[in-house]
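See below for the structure under consideration.
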Amino acid sequence: MTAHVLNDTGVMLDRSLKHVTRSLDTIITVTIMPIAFLLLFRYVFGGAIQTGTDNYTNYLMPGVLLIAIASGISYTGFRLFNDMQGGIFERFNSMPIARSSVLWGHVLTSLVSNAISVLVIIGVGLIIGFRTSAGVLAWLAVTGILVIFTLALTWLAIVAGLSASTPDGASAFSYPLIFLPFISSAFVPTETMPGPVRAFAENQPVTSIVNSIRALWAEQPVGHEIWIALAWCVGILIIAYLFAMAAYRRKIA
Amino acid sequence: MPTRAPAIEVAGLEKSYKDLKVLKGVDLTVDRGSVFALLGSNGAGKTTIVRILATLLKPDAGTATVNEFDVVSQAAHVRESISLTGQFAAVDEILSGRENLVMIAKLRRVPDPGDVADDLLKRFDLADAGGRRVGTYSGGMRRRLDIAMSLIGDPPVIFLDEPTTGLDPEARLEVWEEIRKLAGGGTTVLLTTQYLDEAEKLADRIAILHQGTIIVTGTLAELRQLLPPAQAELVERQPTLEEIFLAIVGKEKR
């Protein structure tokens, strides 16, 4: 059965990746907005923001990547929704294949396409002054956090894709996620925010994730923040996965 | 096949959506190698029956077996035995026709997926269009591709849910021809349709589903006997509009 799961998931991944590479506009849309934010904060707002660091590009890089991932996963919900609208979802589910592969194909595709946009944005970051001397281990840790973050949000997108009744609904859930980094330590230090806003900013997942990635790139000790970041990501991942499976079972009766 | 047990057996099948009772005790038997037409108007419950038989929906009561496997307790075996062509062409619009076929062939783990795809493209008159995105296909081409995808792996039972709905007359005839070939090859076909002539032309047996139950079932000849014998009347036979259309378009196939 394991061999089936791998074979079937491979076929599904291949299919869904073709969808991504044949609609390059989705990758462009996903990368262009974060790049616009990157330039906007670097060249427009950046000069007025006091972060206590000498390289503001380094400061805002992690938050921009999270925005990119949050907007990237909305396409996963959209693609899954489209599958269900056409008959292909039913065709797959009436075939002797590992049923989990239908969803995993979309999840792995989300990982690949988000990896592409993250790399593009890091490339742009390097051009406008992003610098790090982080070693292999730190990079591995950053990659790990981003992968778990992507997985968590992707399963959330799967829930949305399975339960939505319109294509807009399948992707609109990501708007608040895209907005979350703005009320965090991603662009400005939380110390400048008024009490309740600051309390929210410091206790929502983005701040701990951003601070951890920033510390890893700056070769600073990450402290307990990375555990909070991981706890958030893994927690969201598990809950979203369970909800997605419940929604999937409801769909396939 | 060692046994000649029926390909499909349904007994006392019931299904409700919330308060709406769609199936109120459906019984039917489909012999191996036959074409069985399930006739009914929109909303009669045809698709619900097909979805239950294809393991996409669980019945509230009653039993159903396909290829001697229970659709609830042996769903995986049922899925090995069937292929479903639903009401909306279940094809991937972004892939090419050939890629669609190769994908299904890989999922069904047949040897040489590429050769299987090329054979089917030829057989369904899609060889020229095989490399093009399905999004550019006409309705008839999509349907043919859809049916071609259902044939991969030679499942003994095929469900065709309103296979010609929304097709133009030419495309309809093409689909009919493929269904006849299928039946000729020994595949059991369960066909749902709202077109009476489709059932008349293709089916060995016909069942009429009305308000959640099968009200009559039999061969066309048996159904004819339900009515008083036809009286001979001299009527000038006018060509049907379909015959005129096909004659003008130049694709008369009968």
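In case you wondered, yes, glycine gets a Cβ from its N, Cα and C as well.
Unlike curated records, TrEMBL annotations are generated automatically.
Feature annotations, reproduced from TrEMBL:
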type	residues	note
DOMAIN	A:25-251	domain 'ABC transmembrane type-2'
TRANSMEM	A:24-45	transmembrane segment
TRANSMEM	A:60-81	transmembrane segment
TRANSMEM	A:102-130	transmembrane segment
TRANSMEM	A:136-158	transmembrane segment
TRANSMEM	A:226-248	transmembrane segment
Other parts of the chain folded back onto the transmembrane segment (A:226-248), taken as Cβ under 8 Å at six or more residues beyond its ends: 103, 141, 145, 148-149, 151-153, 155-156, 158-159, 162-163, 205, 208-209, 211-212, 215-216
Contact check, the transmembrane segment (A:24-45) vs the transmembrane segment (A:102-130), 3+ Cβ pairs under 8 Å, seq sep 6+: yes
Chain residues in Cβ proximity to the transmembrane segment (A:102-130) (below 8 Å; excluding those fewer than six residues from its ends, i.e. six or more beyond): 5, 9, 11-13, 15-17, 19-20, 26-27, 30-31, 34-35, 38-39, 42, 55, 57-58, 61, 64-65, 68-69, 72-73, 75-76, 79-80, 83, 89, 92-93, 146-147, 150-151, 154-155, 157-158, 161, 244, 248
